[in-house]
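Listed in Swiss-Prot:
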BINDING   N38, V40, G65, E86, D116, N133  S-adenosyl-L-methionine binding site
Amino acid sequence: MTEPNSEPAAVAPLMGATDIRRLAEEIGVRPTKTLGQNFVIDGNTIRRIVAAAAIGDDETVLEVGPGLGSLTLGLLDAAKAVVAVEIDPVLAEKLPETVRAWRPGAEENFHLVLSDAMKVTELPLPPTALVANLPYNVAVPVVLHLLQHFPSLQHGLVMVQDEVADRLAATPGSKIYGVPSVKAAWYGHMRKAGVIGMNVFWPAPKIHSGLVAFTRHDPPETHATREQVFAVIDAAFAQRRKTLRAALAGWAGSASEAERCLVAAGLDPTARGEVLDINAYVKIAEARHPVDA
């Protein structure tokens, strides 16, 4: 069993590169690209993430993909409880033992869920914050899924591929503004909170990671459903170089009906989807699905 290194009593020990590799060897784990496994091996980076997440000591933190537990330990130091969702059964089996070894007495504050995060709709505790090093290949769907199913999530900080971070935090009019940007804005305010270098991971990815912080707000007031609004967003960006009149023709049933909806929403039919904010998409959905229909 990998034991914690001795550190000054005032500073709780965190796992470093040697600890992570030794622990992985103990359980026969080799990081896989399929699951997007890149483990954080730098204690200072862990402390930076936890500090940037601004976690209160009364909060329950949801962590997705805890892996070998390096970030988990930092979160346990800051939060009242940590609920970790892990898809890999080998990693999940080892996590409670790691918590006991590195944070004696904190195991009662640690709750493990063996599952695919995209399938989780219930948790042992209602989380108030999301802090996670997310696999690059599923980062956006996971964030949107969790915000949809856990309204108790009020804020968070996620580490994702740097260009994905830019897209999540993009604003209307930007070249990288797209489906992730608009859908995320339904749930809250997203902002870029920093960049993480490649050398703090094992194995080291080929690109930098970005930190995205979010604060939840109420969804737009509308009689249209979230599904109806998101359908407009998907249609608008499926052909993002086309005018909205053309891009929404399939969604509306015809170009003329798309134009009618756009005009009813007070929008220019010749505009493109990348210039509209979430409230504009809500108005388009409302025009297509009137309350008295």
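Positions of Cβ are set from backbone N, Cα and C atoms, glycine also.
The shown structure was predicted, so the numbers you read here are calculated from the model rather than taken from an experiment.
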Lowest local Cβ density (other Cβ within 10 Å) among binding-site residues: N38, N133: N38
Other CB atoms within 10 A, centred on V40 (S-adenosyl-L-methionine binding site): 24
Taking residues N38, V40, G65, E86, D116, N133, which bind S-adenosyl-L-methionine in the record, the widest Cα spacing (Å, whole number): 20
Among E86, D116 [binding-site residues], residue with fewest other Cβ within 10 Å: D116
Count of other CB atoms lying within 10 Å of the CB belonging to G65 (S-adenosyl-L-methionine binding site): 24
